[in-house]
Amino acid sequence: NGEFNCIAYFSDDHEKQQQDSYVGSNDENIDRGNWTNKREYMLSMIGYAVGLGNVWRFPYLAYKNGGGAFLIPYVIMLAVAGIPLFFLESSFGQFCSQGPVNVWRALPIFQGVGVAMVLVSTLVGIYYNVIISYSLYYMFASFQSPLPWSDCFYWSNSNCSLTPRGTCFIIEPVIVANMTLWENETCPKENIISIPVQSPSEQYWDLVALQRSSGLDETGPVVWHLALCLLLGWLLIAAALYKGIKSSGKVVYFTATFPYVVLLILLIRGVTLEGARDGIEFYIGSQSNLTKLGEAEVWRDAATQIFYSLSVAWGGVTALSSYNKFHNNVFKDALTVCLTNCGTSVFAGFAIFSILGHMAHVYGKPVSEVAQAGFGLAFIAYPDALSKLPISPLWSILFFFMLLTLGLDSQFAGIEVISTCLQDAFPERFKSKRSIISVGTCAILFLLGLPCVTQAGIYWVTLMDQFCAGFVLLIAALLELVGIFYFYGGNRFIKDIEMMIGTRSSLFWLWWRACWFFITPAVILVWSLLTFRPPSYGTVQYPAWGVALGWCMIAFCLIWIPLVAVWKILCAQGNPWQVGVMCIHSSWSSYCKLHTISLCTPSRPE
């Protein structure tokens, strides 16, 4: 109420803390440290948000859902759900200078939401690094000429073919001089029966890279080349996170910028190829279909892509923002990261579909028959297209190295969520031991990920991706909005943001109030009703026990929300009114301190 609290934090071992590898001499927060500079934070955020989905998912969704018309629901979902949630989580973490669990001490009864986010990040980290290992393996395999998937070599079977196969079926042959002749020298098109074949790239993916079994029931042995690539992936991540944000902030100068260099190179090469125009037309050109906007699936796909692409409700945005200095302009940063992320998705589509258009031209097929999504695009269709280019190993190495860097900087933030929460939960125990946390976390997740590099590994990856990265995030995001704006108080939260970025006009807050209070929760609720689909990999359906296991993973993440709430209520002291106030209306001023030598900030408005 107009007063100021001068927060002063002195410690007996302050000089030692300044010497810790994760705390710099210019840091405000001498307990946790801060980003060395603004560039490292922005690059880390962009690297976290811009991931594999921007390259292998968005272009296909745009093509499938009406081409350029898909940008309409995509931009709408960005405005009403993506940016509001990203701004909220960034502000939440920066104001409290805490990770996704401790930040909820503002509302103790909701602290289980933070636990759910950490568990989701842990499960996603397990299988996400398996995808990185796929990229590593293909990158190493690309150091061959010709590329091993460019033709049906010794590893293929009889179903492998570069061209379609068929048999000619004639019901009534013509009898002339006791000889059977066809009416034409070539078989009529309507009488050709196609024989199913697989392209070399498809067989290489199944038979060599994955050594894929018939289903989740058939585990098979560990695929050792993938296991070694998985180990290498975790070693790279552990090395980058050895000193926390002080080391990862340096690595992202390369990992966050290199993908843009490769995309630009691929785009320039792609548009010079014959057939590139057809690919771009199918992607986002004249093939746009506005009638698609009337289909619920289009809006669901737009919401899904925005939600996953920006990585909201995973805990990473809160964790990375918690290392900002208090008066950082978090609104400007959130807007910049969100627009950069979505612009990257659109840009990547031109690079991808220009080369797929050339591939369609080479095969004499429409683009619709060569375009795929997810693993099919990254490890079957696009490698096949690259193998048709001159100097194909060079383009293949660049592409898979780009996928590697896209995956690594997203994984950095995912592991940082776990490390930050452990450090915040046990500050005395893990003081000056950040390297132990990072390396230990990577080692444990490597061991947990070994089932994902067996012959049934791709089924585990798909199962975990569909269950872990779906329903849990919806619940976490919804409770995040409800907790902050209906229990803590939307007006109080806005005052907290203004304490960091300065006072803004009521007109400025009009849109954000509308989104946070009503529009964004409504979008999440509607989306949750349209999202779930039974898990499958291609034509392989999952057994009942596999689906049940997926729901168990969801339950394992969500069960902590009610358990922590009950525990907080039972541990609170006083009469029912006092318990309620303590559990759902706690003041941030009781714990949200920036541990600086002398920093004066306005007190919390009560």
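In case you wondered, yes, glycine gets a Cβ from its N, Cα and C as well.
Keep in mind that this is a model prediction, so the values were computed, not measured.
Feature annotations, courtesy of TrEMBL:
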type	residues	note
TRANSMEM	41-58	transmembrane segment
BINDING	Gly47, Val50, Asn54, Ser309, Asn341, Leu406, Asp409, Ser410	Na(+) 1 binding site
BINDING	Ala49	Na(+) 2 binding site
TRANSMEM	70-88	transmembrane segment
TRANSMEM	109-140	transmembrane segment
DISULFID	Cys152-Cys160	disulfide bond
TRANSMEM	222-242	transmembrane segment
TRANSMEM	251-268	transmembrane segment
TRANSMEM	306-323	transmembrane segment
TRANSMEM	335-356	transmembrane segment
TRANSMEM	394-415	transmembrane segment
TRANSMEM	436-461	transmembrane segment
TRANSMEM	467-489	transmembrane segment
TRANSMEM	510-530	transmembrane segment
TRANSMEM	542-567	transmembrane segment
Between Ala49 (Na(+) 2 binding site) and Asp409 (Na(+) 1 binding site): CA-CA distance (Å): 9
Quick note, Ser410 (Na(+) 1 binding site) and Cys152 (disulfide bond): C-alpha atoms separated, nearest Å, by 35
Of Ala49, Cys152, Cys160, which is closest to Asn341 (Na(+) 1 binding site) if I measure between C-alpha atoms? They're all recorded positions. Ala49
The binding-site residues listed are Ala49, Asn54, Ser309; by CA-CA distance, the one closest to Cys160 (disulfide bond) is Asn54
Contact between the transmembrane segment (467-489) and the transmembrane segment (222-242) (3 or more Cβ pairs under 8 Å, separation 6+): no
Which residues of the chain, 6 or more past the ends of the transmembrane segment (542-567), have a CB below 8 A from one of its CBs? 109-113, 115-116, 119-120, 123, 215-217, 459, 463-464, 466-468, 471-472, 475, 479, 534-536, 583
Counting Cβ atoms within 10 Å across all protein chains shown, which of the binding-site residues Asn54, Ser309, Asn341 comes out on top? Asn54
Same-chain residues near the transmembrane segment (109-140), Cβ under 8 Å, at least 6 residues beyond its ends: 52, 99-103, 209, 225-226, 229-230, 232-234, 237, 313-316, 318, 375, 378-379, 383, 396-397, 400-401, 403-404, 407-408, 410-411, 414-415, 417-418, 421, 445-446, 448-449, 452-453, 457, 460-461, 464-465, 468-469, 472-473, 475-476, 479-480, 483, 487, 553, 556-558, 560-565, 568-569, 583-584
Given 70-88, 306-323, 394-415, 436-461, 510-530, the one sharing the most C-beta pairs under 8 Å with the transmembrane segment (41-58) is 394-415
